[in-house]
Amino acid sequence: MDFSTNGSEESELYHAQIHLYKHIYNFVSSMALKSAVELGIADAIHNHGKPMTLPELASSLKLHPSKVNILYRFLRLLTHNGFFAKTTVKSNGEEEETAYVLTPSSKLLVSGKSTCLSSVVKGALHPISLDLWGVSKKWFHEDKEQTLFECATGENYWDFLNKDSDYLSIFQDAMAADSRLFKLAIQENKHVFEGLESLVDVAGGTGGVAKLIHEAFPHIKCTVFDQPQVVGNLTGNENLNFVSGDMFKSVPSADAVLLKWVLHDWNDELSLKILKKSKEAISHKGKDGKVIIIDISIDDNSDDHGLTELQLEYDVVMLTMFLGKERTKKEWEKLIYDAGFSRYKITPICGFKSLIEVYP
């Protein structure tokens with residue numbers, strides 16, 4: 001198109017340029033956020049107990065004086081993006097001075113809080129998560145069924161995870177942090193768990209979600225089912241135990257099977273196997289058993305552009321890391337019915353996820 005012919009086309013060119021450049025440099029906002037987490041900016045403001053001026057913040061973070069203006073410019077971007085907010089305070093000379101406070105988003109970065117998601121930031125923006133994109137062109141042209149992660153590192157994600165103790169710790173912390181937010185979903189959807197006497201949390205990690213369910217419903221006997229290297233050394237109690245095994249071979253019997261952040265790691269063929277094994281695990285309950293899926297359900301018709309963008313970004317992450325996928329309602333329906341289930345119900349939870357109840 002010749003953009004130089006009239007003002008309308010010039011305007012279109014300028015808007016297209018802004019759109020392009022914005023997406024090119026989106027990574028700067030992400031990395032500035034990572035820097036804020038690593039520096040502990042949210043912790044410093046929280047611990048200060050009141051709005052914090054730039055000199056106070058720089059002093060608390062023990063920054064070199066030459067970096068104060070750099071901190072200001074990072075904060076300017078992060079404030080624009082909604083992670084911090086500005087207010088004014090009176091200094092000793094009674095002059096007003098700019099100070100920073102937390103916003104709902106940065107409150108999610110305060111260490112020690114049950115809602116802290118700092119480990120998610122560290123995991124998602126870890127060098128290993130970013131460096132793999134350097135071989136994306138090679139990955140597209142190779143005639144191999146492998147993930148972008150495998151193309152970049154020569155091994156699959158899970159093998160890498162189990163060999164790198166530092167990264168494994170970040171991953172487990174991130175999963176635990178995400179699970180703690182699940183407490184809100186439990187409170188809002190108690191009916192999902194009422195009437196159950198037993199539940200198995202498949203690929204339940206160190207048991208964060210199972211513990212939340214057990215706290216809310218002490219009568220439910222919860223089993224955390226995961227790989228030996230994950231649960232082998234964990235100790236449970238009368239109503240919370242840990243079992244190791246392979247979910248592609250069998251799942252422990254229970255009234256309900258929980259699959260939280262599991263099926264999006266796998267393609268349809270392997271997800272179908274997991275669902276069929278889960279169906280076998282609840283077979284003793286007849287029509288009263290259920291499988292509870294916590295995952296994303298993409299709404300193609302959503303008016304919330306930001307929400308859909310986040311869900312589609314998650315889909316590409318699952319693709320490049322695991323050859324997994326985030327699914328639309330229609331894709332969930334096909335997968336569920338192909339596994340032999342008769343009905344399902346989808347309930348949006350936690351902002352961008354869904355709770356899917358699946359019945360035999």
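In case you wondered, yes, glycine gets a Cβ from its N, Cα and C as well.
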Do you know which of Lys183, Lys260 Swiss-Prot groups with Val202, Ala203, Gly204, Gly205, Asp226, Gln227, Asp246, Met247 in the S-adenosyl-L-methionine site?
Lys260
Among all the protein chains here, how many other CB atoms are within 10 A of the CB of Asp226 (S-adenosyl-L-methionine binding site)?
21
Name the secondary structure element type, per DSSP in three states, that contains His264 (active site, proton acceptor).
helix
Measure from the CA atom of Asp246 (S-adenosyl-L-methionine binding site) to the CA atom of His264 (active site, proton acceptor) and give the result in Å, rounded to a whole number.
17
Let's check the environment of Val202 (S-adenosyl-L-methionine binding site): how many other CB atoms sit within 10 Å of its CB?
24
Sparsest-packed of the listed recorded positions (Lys260, His264) - C-beta count within 10 angstroms:
His264
